[in-house]
Structures are given as C-alpha cells and as structure tokens.
Amino acid sequence: MTAIRPGSVTFENVTKKFGNFTALPNLSLTVEPGTLVTLLGPSGCGKTTTLRLLAGLEHPTSGRILVGGKDVTNLPANERDVSMVFQSYALFPHMTSLENVAYGLESSGFKKNEARERAEEGLKLVGLGGMGHRLPAELSGGQQQRVAVARALVLEPQVLLLDEPLSNLDARLRRRVRTEIRELQQRLGFTADYVTHDQDEALAVSDTIIVMKEGGIAQKGSPRDLYEAPASAFIADFMGEANVVPCEVISAENGEAVIRVAGLTHRVPARNAQPRPAQLAIRPNAVTLQPQAGGGFSGTVAHSAYLGDHIEYEIETEHGKLFIVDPAVEQSLPLQTDVSIQFKTRGLAIINQ
C-alpha cells in the first residue's frame with residue numbers, strides 16, 4: 001500500500017426525496033481531510049441516507065457532493081474513491097480472510113499476485129498478519145470486522161465509510177474494537193465518516209460529531225462541546241442522559257453565570273448565556289442527595305436500583321422526575337425519603353431558550 005491520501009467531503013445543499021418523503025432537506029456539511037466524523041442520531045434522522053449518498057448507493061434529488069474537491073454527485077459508486085465497511089461486514093463465507101481482502105483489488109484490475117501482496121499488507125495493518133488462511137467462520141466478530149476494514153483500506157480510498165460497524169458485537173468487544181478503529185485511523189491518518197446511534201461510541205471515536213434530527217444538523221462539534229455545551233434540550237438528553245429543568249439566568253460575565261433554580265442561586269459556566277429565562281441541563285451524576293429536604297430544590301425518592309458500583313434514583317420534584325446516579329452505594333435511600341438536591345461544579349449546562 002502507498003501512503004494514505006485523505007480527502008475532504010462536502011455536501012452542498014443536498015436534498016434527497018423518496019417519493020413524497022423528504023429524507024434530507026437541503027443538507028450542507030464539510031468533513032476535513034484526516035478526521036473521523038460521526039453522524040449520530042435516532043432512527044430515521046437521515047444519517048444512513050447521508051452515508052449512502054456519499055457512497056454512491058443513492059443519488060441526491062438536488063445539490064452537490066464533493067470528495068477531495070471533486071464533484072462526484074453523478075458518478076457511480078466504483079468511481080468515487082471511497083470504500084465502505086457495511087454493518088454486516090459482507091464477507092464471503094467461502095473465501096479466506098486473504099481472499100476476501102484481495103477480492104476488491106482483483107475486481108479493480110490488479111493482478112492476482114499483487115492483489116495478494118497488498119491483501120497481506122492490509123491484514124498486517126489491522127493486526128491480523130498470519131491469519132489470512134482462516135475463513136470468516138473461524139474468526140471472532142471483532143476479527144471479522146477488522147477483515148472488512150482491511151478490505152476497504154487496501155483500495156486506498158480518500159474516504160472510509162463505516163455504517164454502524166460495531167452493532168453486531170457484544171458490549172465488551174464493542175469497546176475494544178472501537179478503540180482499535182480509532183487508533184488505526186489516527187495512525188494512518190485517513191478520513192472516516194462513521195454512522196452510529198450509540199452516543200458512547202460516538203464520543204469515544206470522533207474528532208467531530210454531527211448530531212442529526214429529521215434530516216438536518218441539530219448540532220456539530222467536538223465530543224466535549226456536544227456533551228458539555230449542548231445547544232438544545234434534545235442534544236443534552238441525546239448526548240448522554242440529562243434532566244432539563246427551568247432556570248433564570250441572573251447575570252453572565254467573565255465566563256460564569258449566576259442562575260436561580262427553585263429559589264436557590266448557583267454558579268455555572270456561562271457559555272454565551274444571557275440574563276433571561278432559560279433551561280438547565282443536569283447530568284445524572286452532577287448532583288448529590290441529602291436526606292431531610294429543606295427549602296430550595298428538593299424532592300422525594302420514587303424509585304431506586306442498585307447496579308453494583310452505583311445506585312440509580314428517580315426523584316419526584318416540582319419539575320417532574322429527575323434521574324440521578326449516585327456512587328455512594330454503602331446505603332441506599334429508602335423509598336419516599338425526602339431529599340435535598342445539591343449541584344456539583346461539573347455536569348451542568350445552560351440551554352438558551
């Protein structure tokens with residue numbers, strides 16, 4: 001394999017309709033070369049349609065798609081200089097790992113010997129050197145996934161597309177393989193467009209996350225930006241659970257805001273907040289609970305569940321039920337206990353209305 005040539009991706013006012021249904025209404029986005037960008041969102045948000053448009057498996061109703069600055073809008077899939085890793089891996093069961101990786105090269109016109117050499121190099125690249133003789137059935141789920149990645153990379157695409165590549169793996173293997181994908185992408189420097197509905201997966205692998213909703217971009221930013229500074233209640237709750245309650249921003253200056261919640265004042269990062277009514281996103285682990293509620297923000301224990309290293313509570317308050325994660329597992333709070341809710345310094349974000 002020669003050096004990776006990472007390419008940029010640009011969608012310019014792309015609309016995709018299926019009959020009378022508009023899956024993507026006027027979508028514009030940019031992916032910088034050498035970055036891993038994740039399209040994240042609930043089912044039906046348009047993330048897979050976006051990936052399929054980029055792959056050439058669908059064509060836009062209007063707008064332009066560029067890869068590496070080249071207009072590929074009307075090009076077939078095999079002329080776009082992108083490779084895709086499918087959710088099912090799509091490995092041929094009767095072919096060895098080496099034959100699977102070499103297949104795309106041979107189909108592209110490489111001589112058999114050169115295709116085999118490149119395939120062997122590709123397998124080494126993903127940590128499967130010496131395993132080219134094995135059939136897919138003789139590999140673990142994680143190894144099959146790496147064969148699929150190797151098959152895509154040996155074609156030396158400008159952009160690698162990954163369509164929910166970890167969805168068929170169990171939770172423990174998923175964590176390990178997502179780390180391997182991220183390390184490989186950083187080591188080789190290729191551009192990757194990654195689709196998932198798993199927030200933890202997106203946070204772990206991405207340079208940039210694009211959260212999609214109803215065919216549009218709800219928010220784009222780094223994993224830290226989206227988690228710590230959500231632009232809306234939807235983003236706050238989607239990027240890890242969040243309790244959203246009304247608040248009033250009293251003042252905001254020098255990067256710090258003073259807010260009032262349930263009659264009590266608190267200091268939180270301002271993040272462009274303005275003095276006016278707003279909402280406060282509260283992460284489940286951003287509060288402590290104290291028995292015997294006094295004034296201010298208080299509630300009653302409605303439900304608790306012991307999960308080994310933490311206890312999950314539902315607290316009934318005047319603003320509805322709050323979901324709280326408490327690492328203090330020595331003794332759980334009994335049901336119907338009145339509690340005061342105290343904020344920690346992290347895990348709070350103002351959402352401007």
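Backbone N, Cα and C define each Cβ position, glycine as well.
Residues or ranges marked as ATP binding site by Swiss-Prot: G41, P42, S43, G44, C45, G46, K47, T48. Annotation source Swiss-Prot lists domain 'ABC transporter' at 9-239.
Where Swiss-Prot records a feature, it is marked here on the structure.
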residue : record           : Cβ contacts under 8 Å, 6 or more apart
G41     : ATP binding site : K47, H197, V211, M212, K213, A218, F238
P42     : ATP binding site : H197, K213, F238
S43     : ATP binding site : H197
G44     : ATP binding site : none
C45     : ATP binding site : M212, K213, E214, G215
G46     : ATP binding site : A23, L24, L27, M212, E214, G215, G216
T48     : ATP binding site : D163, V195
Assigned conformation of G41 (ATP binding site) - DSSP reduced to three states: coil
Assigned element (helix, strand, coil) containing T48 (ATP binding site), judged by DSSP: helix
For K47 (ATP binding site), the number of other Cβ atoms found within 10 Å of its own Cβ: 26
G41, P42, S43, G44, C45, G46, K47, T48 excluded, remaining Cβ within 8 Å of their centroid (ATP): H197, M212
Across the domain 'ABC transporter' (9-239), average pLDDT on the 0 to 100 scale: 93
